[in-house]
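As recorded in TrEMBL, the features of this protein are as follows:
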- A:1-11: compositional bias 'Polar residues' (COMPBIAS)
- A:81-315: domain 'ABC transmembrane type-2' (DOMAIN)
- A:1-22: region 'Disordered' (REGION)
- A:87-107: transmembrane segment (TRANSMEM)
- A:114-134: transmembrane segment (TRANSMEM)
- A:154-185: transmembrane segment (TRANSMEM)
- A:197-219: transmembrane segment (TRANSMEM)
- A:231-249: transmembrane segment (TRANSMEM)
- A:293-313: transmembrane segment (TRANSMEM)
Amino acid sequence: MTVPPSGSTRSDAGPTSAALVPPPLENRLADAPRYAALHGLAPVGTRPPLRTYVRDLWGKRAFIRVLATSKAYAENQTTYLGQLWTILNPLLNAIVYIAIFGFLMGARAGTENVIAFIVVGTFIFRFFDASVSAGSRSITGNASLVRSLRFPRAVLPVAGVLAQLATLLPALVVMCVVVLVSQLVPGMGAVPLGWRWLLLAPAVGLLWVFSTGCAFIAGRLVAVAPDVANVIPFVMRFVMYGSGVIFSIDSYVSSESSPALYAILTYQPVAVYLDLARSAILNEPSITTDPVTWIVGAGWALVALVGGFTYFWRGEERYGRD
Amino acid sequence: MTDEIDFEVDAEDLDQVATQKEVGEPSLVVDDLSVTYRIVGGGHAPTETAGSLLRRVVGRGRRHVGAVHEVKAIRNVSFVARQGEAIGILGINGSGKSTLLRAIAGLVPSSGGSVYSVGAPSLLGVNAVLMSQLSGERNIMVGGLAMGLSPKEVNARFDDIVEFSGIGDSVYLPMRTYSSGMAARLRFAISAAATPDILMIDEALATGDADFRQRSKERMDAIRDHASTVFLVSHSIATVASMCTRAMWLDHGRLVMDGPVGDVTAAYAEFIRAKHRERDAARGEQASGH
C-alpha cells in the first residue's frame, strides 16, 4: 500500500463514501391504510382487543406450561444437589426465622406451636415473594425472547408465577411433614391431622391467582421504569413483617386500641391467605377463619387478577422497546 | 463485528443465484415507519458545558442519574413487499437493518408510522436467545411452541430439526455446553421448522460451514415456496446477491435505495469500496504523522 502524503489524502480516491449514499427515498403511499385494507392486510404491532388477547393467551397454554416447568427446572440445574434445592431453600429459610424469632427472641406470643406457625408462614409467603419478583423480571429478564418472537406478553408473568407454583408444590409436602414432626418437640402444641388439611389446596389456589395478578402489575411497572425492581424487595420486606409471617401480629396490635389498623392488618390480602393456610393445617386458637375470610380471599384474588391483567394488557404494544 | 465482514465475497456463494419466483399481491405495507429506542442509563457524549459551576455539576450529574438517551434507529421508511419476493437488506453496522425487521415483525414498538401485513410475520434469527441452562431438546419444545406450533407438531418435527442442525446427541445436553456455532445452527433449525407467511432472517446464514450454508439455502428456498415473502439481513453482499431478488439499502435508519438486487448491490459495493479507501487513507495519514 502506498502512503499518500498528508494533506492530499482524498485527491486520488474518487468520490467520498458519503457522496455515494443516495438521498432518502420519497416513496410513501398516498393512502397506505386504504391500500392495505384493499389487499386484506392487517396492522402489525398494535394492541389486540382484550377479548382477542385473552383468547390468544389461552391458545398459548401449552407454551406457558412448558416455559414454566422449564424455568422451574432450570433454576437449580447448575448445583450438585440439583432439584433438592427446591425444598432445601425454603426449609433453610424457615430454620433461620425459627431460630431467631421463635427461640432467640422468643416471639411466641399468640402461638401454640411456633415452629409450625413460622414454617407455614415462611413457605407460603416465600411463594408470594418469589412470584412477584418473577413477575417483575418477566419482561426485562426475557428481553431477547420478547424481541425475537411474537406472542401475547402476558405469557411471561403467568409462566413466571406458574414456575414458582411448580417449585412450591414439593415444598408444601415438606412443609406438612415438618408441621407434623414439630409437635414432637417439647413445648410445641399438637397439630392433629384431619380433613380440614385439604383446605390448604384452595388457600394456595387463591394465593396463586392473587400472585399472578400482582406479577402482572410488577411486570409492567418494571418494564416501564426498571428502577421499580430495586424497590420491590423493600415493599416485600414490609409486607412480610406486616403480615405476621413469622410472629402473630394479633399480639402486637389489638382490635380495641386501634380498630382501623387492626382491620387493615387482618383483611389485607397476604394476611388473609396466611390465615387461610394456617387455619387449614395448624391448631392455633388465635387464628379464626370463617366463610367471610374465604370470601375476602376470593375477592382479593379476583380483583388482583382482573385489575393486574387489564393493566398489563394496556401496555402490550410497548414491551420490548428498551 | 467489524465493517470488514460486509464486503468479503465468499467464492462458494457466487455461483448460486436466487430462484426467481412470480411476484404477486402485496404481502406487506410499511408506511412512514420510525423507531426510536429509549435507552435508560445510556450516557450522552460528554459535553463541555460552559457556565456556572452549578450547571457543570448538574450537567455532569445528569449522566449518572436519570440518564435517558434516545436513538432514532429507523426514520420514515416506506415500502411495499409482494408475494414471492426475497428481499435483502443491506447497510453498514448500526444502519437499522435488524431494527427494521423487528419493527416489521411487531417485536419493537414503532414511534411513528405503521406496518400492515398478511398473517403474522415471523423473525428467524440466530439472535433468538433460548434458555442456556436447558437441553437442546427442551429448547426445541420451547422455541417451537413460542412460534405457534402445537406440542404434537413440535414432536413430529423433532428428528427433522435435530438432523438439520447436525448437532446429534448433544441435543440432550444443556445449551450452555454448546459451541456458538452449534447453538446458532440449532436456533436456525428451530426457526426454520415453522413456515410463516412472511419470513425474516437475520444474519442466520453467516453461521456454519459451507455444507450447512448449502442446506440452509435449500431450506430457505423450500420455506419461500410456502412463505409469501422472505426478508434477509446479511453482512455479506454476496449472500444477498445470491439469495434475493430485490434489495434495500439502509443508511442511518433511512431507506436510500430499493430495487432489483443487482442494481442495489452494485451501488452499495461501490459505497463500501469508497469507505474502505477512506479508512486506508486515514490510516496512511496517521502513519505519516509519526
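Note: Cβ is positioned from N, Cα and C throughout, glycine not excepted.
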Paired segments the transmembrane segment (A:154-185) and the transmembrane segment (A:87-107) in contact, 3+ CB pairs under 8 A: yes
Top partner of the transmembrane segment (A:197-219) among A:87-107, A:231-249, A:293-313 - counted as Cβ pairs under 8 Å: A:293-313
Intrachain neighbours beyond the transmembrane segment (A:87-107), with Cβ under 8 angstroms and 6 or more residues off its ends: 81, 114-115, 118-119, 121-123, 126, 170-171, 174-175, 178, 245-247
